[in-house]
Amino acid sequence: MGKLFGTDGIRGFANIYPMTVEVALKTGRAVARFAKEHGGTVVIIGRDTRRSGDMLEAALAAGISSMGINVLEAGVIPTPGVAFLTATVKGAGAGVVISASHNPFHDNGIKVFKSGGLKLTDPEEAKIESYIFDAGPDRADSSICEPKTSDSAIEPGTISTISNASAQYANFLTSCYQRDLDKNTPDQPLKIVVDCSNGASFKVAPMVFPTLGFETQFIFDTPDGKNINHNCGSQHTETLAKRVISTGADLGLAFDGDADRLIAIDEQGVKLTGDKILAICANHAKAQGRLTNNLVITTVMSNIGLSKALERLGIDHIKTGVGDREVLKEMWATGAVMGGEDSGHMIFSEFHSTGDGILSALCLIRVMVDTNKSLSDLATIMTVYPQVLMNVEVDPSRPDFMKIETIAREIKRVEQALNSSGRVLVRYSGTQPLLRVMVEGPDLEATKSHCQSICDAIKQASI
């Protein structure tokens, strides 16, 4: 069997392997076994708005129940909402999210949180995967539901609904914003436009922003099972930017399908990605004495402008591999309370154990409220360097390209040309036979030329 778990759980086209009801059923049994081994009696399930979510939820719940573990269904709720419930519901040994994040509606995925609302480690993920394909006496396949005698049958767990799951999560979010709130609340409430991406935030977001006194307009908040992420959300902010300008709003907020990432729009319609939001929030936390160890965790894909901004602000930073799980791992190791990716995944561990789009939005808004500054003013903290990314198809065997003299020489030439004013990152794709070439520099045309020259060297080497 091929490996099921990718960089963020199991993912694929719904109703095609591995995103089938058969795999979902076996995954439910495997997760139940994992939860039971860690003293859990309950597994939480949440999902986004994709049409296939109901189907996969039913299979997962059946698998979990068949192993004698109770199921609590949270319904449509953001991924970080499942993490929150997994950390707070008594007896919860795991939480399962059915979502494919920012992907089109025809895709879906399954990702797992362990008790405490934490993402699985690589060994824990491997253990669950081994349970899915286990051939032992407790294997997670259909035979476990076919006991030879009634004495050997497992008593099924119950399957029930958490009727107020969204409200519980919304109350948690509002409490995070209101913590230590002082007299700086503006006389006029901020005017906000929120793009729910027709996804998992469409129920929770209206319970949060108006409750906190913001004049809020919601767009793309009418999911139909097929319109999630369609020309909306964190990857398609054009409509949001136009609405912010036309309504005179102070800012716009765009979430992805499962609302674990945030992209912001300032009052002039300019987009702020994760790097710039992280710089704004880190600087404010430092000023308030809340930036533990004076440290922020970023990734190798973070813009060089973020590194330069943090250095200028006197804030230390460590770069990790790509993925919010890598960021969180380094945060735990170093005691950092803030980290994230330019894609909009940001972790504020002072409040939550995972990336959370709505929480990130509230942290950004708190900076605006506390400083009484516009978002465009705050955004001047960081200059985003032009970044060019190109892909080159290569052999699936993934040879060590730095051992090929012509490629190594060209990369070194570009690095020397950029000096400290830019950088080069060449890495293999995690899912496709591609070499990704990323070059950053102060001049866009020169950066394009540098990136193309490296790609040409790779193509000529025929790797």
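Even glycines carry a Cβ here, placed using N, Cα and C.
Small disclaimer: the values here were computed from a predicted structure and weren't measured.
According to Swiss-Prot:
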- Ser101: phosphoserine (MOD_RES)
- Ser101, Asp256, Asp258, Asp260: Mg(2+) binding site (BINDING)
- Ser101: active site, phosphoserine intermediate (ACT_SITE)
At the level of the C-alpha atoms, what whole-angstrom distance separates Asp256 (Mg(2+) binding site) and Ser101 (phosphoserine)?
6
Based on Cβ atoms within 10 Å, give me the single least packed residue among the recorded positions Ser101, Asp256, Asp258, Asp260.
Ser101
Mg(2+) site shell beyond Ser101, Asp256, Asp258, Asp260, criterion: Cβ within 8 Å of Cβ centroid:
Asp48, Pro78, Thr79, Ser99, His102, Gly199, Ala200, Phe255, Gly257, Ala259, Arg261, Gly357
Round to the nearest Å and give the CA-to-CA distance linking Asp258 (Mg(2+) binding site) with Ser101 (phosphoserine).
5
